[in-house]
Amino acid sequence: MTRFGLFLAFFWMLALTASAQVRVEVSEYPALSPTASGLFIAGEFNNWNPGDPRFALRRQNNGTYAITLPDTLRRFEYKFTQGNWSLTEGDSDGRAVANRVFERTQAGPAFVRVRIEGWEQKPMYRFVVTEVPANTPEDATLYITGSFNRWNPHDARYKLQRQADGTFRVTVYSDAPLLEYKFTRGSWDAVEGRESGKSRPNRTVTRTETGNQDIEVTIQSWEDLTSTFQFYSVYDLLMLFSCFQGLLLLIAIPSIQNYNRVANRWLVVLIGSSSLFILLKVISGYRDVAQAYTKLLLVPDFIWFLYAPLFYFYIRRLLFDAGLPNRRWAYHFIPVAIQFLAYLPYFLMESKMFQLRIVNQDPVLRGLFLVTGFLALVFNAVYWLSCRRTIRAYKTHYQTSVSYEQNLEYLNTVLIIQAVCLTLWTFLYGLVLVSRLMPFDVLVLAEGSVDTIWLAFSTIIYFLGYVAVHQPEIFKMPQPRLADAPPVSFFEDVVHPLNEPAPEPAFEQDSLPIPVAAVDADQRPGTHKPASAFDLPKYRDSLEAYMRDHKPYTNPNLTIHELASGLKIPPHVLSKVINEGFGKNFFDYVNQYRVEEFKQRMDDPRSRQHTLLSLAFDVGFNSKSAFNRAFKKLTHQTPKDYFQMASEEQPL
């Protein structure tokens, strides 16, 4: 009796279980894709997982597919897939269809027989890997990962299949207008890289680029299998050598005898910061460093707003021996402070989350880089124009105050290199703008442009190293300055840096070698004689006599203030005498005496044992180039031609 009771209970429970199930059968369906994992049902009961193995339909002997579901819900929505949402059911024309709905209307077992009309036709991307790195393991399994599978690096649905011709192929279905992807060997540690072995940006493809054609791809390297030789590219070595050059300059410049301590202090800070940021740019691109210290990628960007103010202050101190603008110098560094505040949330962000934002090309982070970079481009362009105007103004005005030629060619060369960087920078944003109008893979081109900008920027340090070896005098103590640079606001000193002369010393009238009555009668009370009526001939004769007797022009550092002090007249009076009495500026007037003195010494037989250059230095020229230019300007001959005409050949 007990056994019979147990037997009845078993069948009762079996019947109860059967009555609580729903059997779903697919009687007709289009052919499945060759890459499909099978036929699946997805719905509210499994959180719409399109490839849940627990809900895979089994193929029956009669060719149909069926599955038995527990009746946990009275009503639910569902759909059929081939393992992912790229291969889901549609109508006979390939269009999307609404979700199916099951609703129990009576007790007892439920049986649902359905027919699949077709498969939703999503765009198809066929990828063909034509070449893999030579060091790829023979048993390696390759995968494609991207925005279409939430960047799963080992998704079995997207495993590449080796073909008889040696290529690897995989098909991706997606209706996204832009597809970002990469290839892996099953993990992010074994992801593809650039030829140098460094991480590469995401590959991208758009539907307009491909149609239904094969997308041929070459994998250049694997990040985890890169050899040491490959790791250090020529680009890396050039950048690292630039950093080493900068380190040598930091040691060499302060060791130069009589070096310009004040101006070169700015130069040392400029070179040091540039070398540091270049070094950080290089090492932050290395795989191990990028993974361990991802936020280091942000640090080199601060050079955008630091370099221009430092270079500006260096020029200001070098040319005008001027200090910082009172209480306003810090304004120049407000942009870099704002940049730091903008980057601060990412510095405080958890490292793994920041890595994901970098890998996934987070639109907010990308937008921050674009906006900050564009503002930095404008910022540097403004400073570049200001520095250029400063140097030009200095060149224009120094001829009225000094007799020596200032060597500013190296500054012009630095400006040219900076202009190249700004041009490449502008080209980069042109690429970004064009990519908005004509979709193409802008990331690779943009990355190449950024690398080129950094490489061009690093050549400034190479050039300064060359100058330090061949023209060390530019780092030495400055010549007597033209005038005090006035304390001005932000860029006011750049516009008119030389308009305000240095304070002139007071002169006693009885110390003047020329009668007082002849000196600027319009400046004395009670007189209305125009300024042009002062006794110009007497001033001119006095100046000529002083130049002839004392030969002040042999001083290579002679300035108008020093000559006026020797004559005991105000500098502005001396300038007026030279301009109106001789029709020259101070620079040409003094060089005229030097050239004449050079000619006289050339005619002296005792000078034959000297070279032309040594004689040029003796008469007051401070460089070979200054001597050649002044001689040709005043005689319309080169010194060598003049020497040959005199039949006294001597090597220059």
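From the backbone N, Cα and C atoms, a Cβ is placed for every residue, glycine too.
Sequence annotations record features per position, and here TrEMBL assigns domain 'CBM20' to 119-224. Residues or ranges marked as domain 'HTH araC/xylS-type' in TrEMBL: 541-645. Positions annotated as signal peptide by TrEMBL: 1-20. According to TrEMBL, the feature transmembrane segment maps to 234-254, 266-284, 296-315, 329-348, 368-387, 408-432, 452-469.
Scored on C-beta pairs under 8 angstroms, the neighbour of the transmembrane segment (368-387) with the top count among 266-284, 408-432, 452-469 is 408-432. At the 8 Å Cβ threshold, with sequence separation of at least 6, the transmembrane segment (452-469) comes into contact with the transmembrane segment (234-254) through 3 or more pairs.
Counting residues per DSSP class in helix, strand and coil order gives 82 helix, 1 strand, 22 coil for the domain 'HTH araC/xylS-type' (541-645).
Residue counts of the domain 'CBM20' (119-224) by helix, strand and coil are 15 helix, 44 strand, 47 coil (DSSP-based).
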